[in-house]
Amino acid sequence: MKNLIQKYNIPGPRYTSYPTVPFWDKEGIAQQDWERTVKKSFDESNQVEGISLYIHLPFCESLCTFCACHKKITKRHEVEQPYMDTVLKEWDLYCDLLVERPKIREIHLGGGTPTFFSSKNLKKLINGIFKRADKFETFDFSYEGHPNHTSEEQLQTLYDLGSRRNSFGIQDYDPKVQKAIHRVQSFEQVKRVNDLSRKIGYESISHDLIFGLPFQTEESIRNTIKNTIELKPDRIAYYSYAHVPWIKGVGQRGFDENDLPKDNEKRYLYELGKQLFFDNGYIEVGMDHFALPTDSLHKAMESKKLHRNFMGYTAGKTELMIGLGMSSISDSWYAFAQNEKDVDVYTEKVNSGVIPIFRGHLLTEQDLIVRKHILNLMCNLETEWKIGLDVTIKNEIIERLQEMIDDGLLEVSDTKITVKEEGRMFVRNICMAFDLRLLENKPDTRVFSMTI
Ligand SMILES: C[S@@+](CC[C@H](N)C(=O)[O-])C[C@H]1O[C@@H](n2cnc3c(N)ncnc32)[C@H](O)[C@@H]1O
Ligand code: SF4
């Protein structure tokens, strides 16, 4: 296994989309193409399955030095009101375009730190969204909370607004690791928000942990997982630390490359975590995620309904996902588009009445086919050849997979490809064999984190 890890630990995408963002069309997407595909996908799907909304709330009070998300650090809470007004204006722009009232199946508040916002403002935001929309028959509303900055009032307000699912950033409980990543939070602080969520009635609580952080050891991970298991979250995200200082130069400081666990040590931390989760009744779902059998994510996997999008894995697939807020990415199935990353530029565009995208990609017929294969592999660990690839391309893919087939990571038959249990941790490498965009345009500079 050690040799396989060394062999396959290369820079590669996490496939929250296909094509992946660095391979979107350099020309971008024309505003009218974006709007046309949103409308098309809305007309096809609103009545049948509803739409999803992702709302990016970027503010955090303090910078965690490992963080790779789009965030803005400030303690000035005056930023909440104008930002929320802009998000609601952006929502109006979409509603004007769609004409019919959207039916919302999923809302996710991501960040940054959504619980940076006061209860009053969170209420205004969600009520503002529903002034122009209805709930779909099944409605799932979730949000990310920072354990140090989430009050009982916020938990209750979000519950009253319909949320039954939340996730908390834990990362690691070890004091030395916490100091290095500038994220000090005690077990008691986490226990407080976890217990309050249970008391209020949340049905699914998720904890985010990361392996591969500076100064982590076998002992520190065992302890972090012991604390986690004690609180019995319904889901656990066990992320591989993405060290991307060339993108997040300003943020990823405070520790040195030498402080990070080496490749094999890092993989061992993953294996250890996985075993401890299994021992405690969790089941692995897709990549990076573990869930109790009672959780909807696990049920979605069992019924092959798991989906993957920019937020990671979800149990509620919709053809249209609209991302609101600075830097949010939207997916109309036929195209992707990302909002302006600078909050001032984002605000200016919205105020001038324009859906504030700055780049995107219109999928070709071939992109759509490859996208289905990659989604199947990432979600179900198998895909069928009947999803129409040209025979030459199919044979080239098998050729690229040959070494991994010889290494016992997957099986290929006339009808399908199946990733074996031994190959699960290499699923990103397997998807790379399908990634025609990556193969056509190998990037000149480093753009992806390591696959393992
Ligand atoms: C956008 S953060 C929101 C959570 C909230 N702000 C908090 O910190 O509690 C979502 C999660 O992304 C994960 N994350 C952020 N940067 C990462 C990185 N460089 N590598 C792996 N995971 C990362 C963390 O586990 C974090 O909890
Ligand atoms: S981990 Fe969460 S709180 Fe920390 S900087 Fe990133 S988004 Fe903000």
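Our numbering is plain: 1 for the first residue shown, then up by one each step along the chain.
Glycine is no exception: its Cβ is also placed from the backbone N, Cα and C atoms.
What TrEMBL annotates here:
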- Tyr54, Gly111, Glu144, Ile329: S-adenosyl-L-methionine 1 binding site (BINDING)
- Cys60, Cys64, Cys67: [4Fe-4S] cluster binding site (BINDING)
- Phe66, Cys67, Ala68, Gly112, Thr113, Gln171, Arg183, Asp208, Ala242: S-adenosyl-L-methionine 2 binding site (BINDING)
- 45-279: domain 'Radical SAM core' (DOMAIN)
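Ranking the binding-site residues Tyr54, Phe66 by other CB atoms within 10 A of the CB puts Tyr54 at the bottom. The binding-site residues near ligand 2, defined by a Cβ under 6 Å from one of its atoms, are Thr113, chosen from Tyr54, Ala68, Thr113, Ala242, Ile329. Residue pair Ala242 (S-adenosyl-L-methionine 2 binding site) / Cys60 ([4Fe-4S] cluster binding site) shows a Cα separation of 20 Å. Thr113 (S-adenosyl-L-methionine 2 binding site) sits 14 Å from Tyr54 (S-adenosyl-L-methionine 1 binding site), taking the C-alpha atoms as the reference points. Note: the CA-CA distance between Glu144 (S-adenosyl-L-methionine 1 binding site) and Cys60 ([4Fe-4S] cluster binding site) rounds to 12 Å. Taken in sequence order, the binding-site residues Tyr54, Gly111, Arg183, Ala242, Ile329 that lie near ligand 1, meaning a CB under 6 Å from one of its atoms, are Gly111, Ala242. Those same-chain residues not listed among Tyr54, Gly111, Glu144, Ile329 yet with C-beta within 8 angstroms of the centroid of the S-adenosyl-L-methionine 1 site C-beta atoms are Ile55, His56, Leu57, His108, Leu109, Gly110, Gly112, Phe310, Met311, Gly323, Gly325, Ser328. Of the recorded residues, Phe66 (S-adenosyl-L-methionine 2 binding site) and Gly111 (S-adenosyl-L-methionine 1 binding site) place their C-alpha atoms 15 Å from one another. For the pair formed by Gly111 (S-adenosyl-L-methionine 1 binding site) and Cys60 ([4Fe-4S] cluster binding site), distance between Cα atoms is given as 8 Å, rounded to the nearest Å.
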